[in-house]
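The following features are taken from TrEMBL:
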COMPBIAS  26-47  compositional bias 'Low complexity'
COMPBIAS  48-61  compositional bias 'Polar residues'
DOMAIN    79-201  domain 'MSP'
REGION    25-61  region 'Disordered'
């Protein structure tokens, strides 16, 4: 009996040492638990699969929003080169209308429409206020502004103007005629080229900026006068449908008509 008891006690100790952990017992010993866990995992997997399309859509939306935001932060590609680049110089003459000038050149490979805007349309205007430039084409625009006299004890040259000018550009197809609706119909494609600030110059003191302004104004006036003059005719004029009339023939016909009148008059 003592031996049997010792054996049983020894076997019990061996089995107690060989017992499995509780975690394993719970997972393997309880079949219902394993089935419930597997079913819950399968349900979780199904939920993941069901939610995948919406998550993908949200990811695509967020990525598009990110790219659009990044694009808006990037500097716009310039189509025009301005000279001066960011300022308009005016001679300071209180109570008078003064002029400034800016050279606008199309540096792109396509036709570009440009347009001026100002915060003071009643006291400022541009000539021309808009137009279309071909590739490499340039012009000098003239800007007119009325200078208000200084107030109180303000020194003349310390007067600052809050007036600003904005130049916008728009790529157009071919030799398109400019119409005011261009910028409104394609406002998403419009680029703000530059915001121009007003700087006053002492008209009685010579400086490089003032001398350059005088040259640009003279070039603008010369270009305006050349546009006003009719184009000189080089070669014979075409009248009607292919009828060529040169100056010599016109003089000869007038001379013959005069001779006939003089010959008939005495009789």
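Heads up, the Cβ atoms here are built off N, Cα and C, so glycines get one too.
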For the domain 'MSP' (79-201), mean pLDDT (0 to 100): 91
Residues in the domain 'MSP' (79-201) grouped by DSSP into helix, strand and remaining coil: 11 helix, 64 strand, 48 coil
